[in-house]
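According to TrEMBL, the protein has these features:
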- A:1-61: region 'Disordered' (REGION)
- A:18-50: compositional bias 'Acidic residues' (COMPBIAS)
- A:161-203: repeat 'WD' (REPEAT)
- A:347-380: repeat 'WD' (REPEAT)
- A:493-549: region 'Disordered' (REGION)
- A:493-519: compositional bias 'Basic and acidic residues' (COMPBIAS)
- A:533-549: compositional bias 'Basic residues' (COMPBIAS)
Amino acid sequence: MPFASSSSRPRFLRREADSDEESETSSSGGEDDLEEDFPEEAQVEEDTTDEVAPGKRKKPPPITISLKRVCKVCKQSGHEAGFRGATYIDCPRKPCFLCKTPGHTTMSCPHRVAMEHGVIPASARNTKTPLDYIFMRQLKAKIPKIKPVYVIPDQVDCGLIRFHSRRVTCLEFHPTKSNILLSGDKKGQLGIWNYDKQHERTIYGSIHSCIVNNIKFSLRNDAMAYTSSSDGTVSCTDMETGISTLLLDLNPDGWNGPANWRMLYGMDVNTEKGVLLVADNFGYLYLLDVRSNVKIGEPILVHKKGSKVVGLHCNPVQPDVLLSCGNDHFARIWDARRLGTESCLASLAHGRVVNSAYFSLLTGNKILTTSQDNRIRVWDSIFGNLESPSREIVHSHDFNRHLTPFRAEWDPKDPSESLVVIGRYISENYDGVALHPIDFIDTSTGKLVAEVMDTDVTTISTVNKLHPRDQILASGSSRTLLIWKARQEDWEAKKQPEKRPKQFIFRRNEKKANGKFDSDSGGDSDDDDSNGKKRKAKKRQGKYKKLVW
DNA sequence: ATGGAATGTTACC
DNA sequence: TGGTAACCCTTCCA
């Protein structure tokens, strides 16, 4: 661990402008700036547009050239959305950017301020069926009675590596060889990185011609990786040689316009049957025999015709039970043995596009979904009432065309099947630097267990993967790959829970202790941008090597 | 240092 | 229903 020794613990970052009061009602220096930006006269003129009765259409805005400063979100004057220093000020005329409810901004959103980070409690009624109880009894032995202590990989190890030329779109740890991380990018390249020997990395550039959406492995031969791509192909690549075989090509005749170009998103392998499942952007599912590389049957419509199927997951306990999710706002459960448009076992409704849907990894009995309505949903039992989720957790992971969609993913090592990792879209002002943490959420309570960040990572970490065996987190943040490891003290503490410091679990509580960077003399002038940059530069120096290729 | 491009989904007609 | 403009806390590089 090359960097663990440089500082025993990362300095804790204080969050600024945390509450409404601080940022909006206090009469600090910032207020004066505001008044300079918006002199009284500037506000009055166009108030008529505000008076238009709801229902009536607004007049198209007259074409006038004005030097007045307007809000870049709503184009109205009198306020301005955007960063002020490292704090983002919302447009007050838009619904909350976090919970999507009108009437307040992100700054004062109850889901943001609350430690619980926005849980909507499960309904009180008992929704369990007799089948559910039988299943619970079967599983009871597997489920621990005491909540496990989580060890959070929160310290950057191995530097920041940049060998992808476009943003990272998917990550997967090698199934058997520890220390090997595979990564796909928007350009279609496949990266293989031995993060224990930093310089051992390979990039294969000619497997796909655009976005690699999924990487899965062959269980028969763990030297082979399957990849699905928006170029409409599935490839099987030998990770040693880079030689790849085309398993499926949905665009054999090349480009015939966007209405005909097929892209492959969701993919999974039914290891029991040796069947590879992929789904396209028109709602269809394709099955392939892994041994013979032959297509099985005809494509099956699993989501609304013409809509993208973004995710597929075979149940880890019953691989014939398939979970799909798509742009039609649904996640669906299927019996893969009797697939057909009419044979859907359950449809889970969402407010928006569903970015991902996963069965829990040990018992396969829970479902976790991430939707573009900024909510993470958990169904506690696939045998229970699936009409509404057991819990909805409000969390900022909006869609943005420039970002790889966020997906909440289970910690494969958590025996209680509750811990989940997901990157956060909205930033916080951490002592003058706007950072986008990676959130660890206990989905059984909705509590934010840890927010992981580093001042050298100012971009959004949309792709996150927890190691199947080690206390390691891999992140893809724009073009950068990161490996986070847990601190040694945390391991020791896990072995001896009674010696565990209180702040061990909730990093938020730690922040106030050592809120400052170094010996910064900038006082409390908060949002001074140049000051923030200086701090950033100072932090960068000598902390750890930046590895860029 | 600053503005433009890349670019997917949704809302609205 | 299909077509298209808008868009929202991006990121990188001319």
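Note: Cβ is positioned from N, Cα and C throughout, glycine not excepted.
Note on the repeat 'WD' (A:347-380): residues 98-100, 122, 135, 139, 142-143, 310-311, 313-318, 321, 323-327, 329-333, 386, 389-399, 405-410, 412, 415, 417, 420, 422, 441, 443 of its chain, located 6 or more positions outside it, place their CB under 8 angstroms from a CB of the stretch. Outside the repeat 'WD' (A:161-203), and at least 6 residues removed from its termini, the chain residues within Cβ reach (under 8 Å) are 209-217, 219, 222, 225, 227, 229, 231, 237, 239, 242, 402-404, 463-465, 467-470, 474-483, 547-549. Taken through DSSP, the repeat 'WD' (A:161-203) splits into 0 helix, 22 strand, 21 coil. For the repeat 'WD' (A:347-380), residue counts in helix, strand and coil come to 0 helix, 19 strand, 15 coil, using DSSP.
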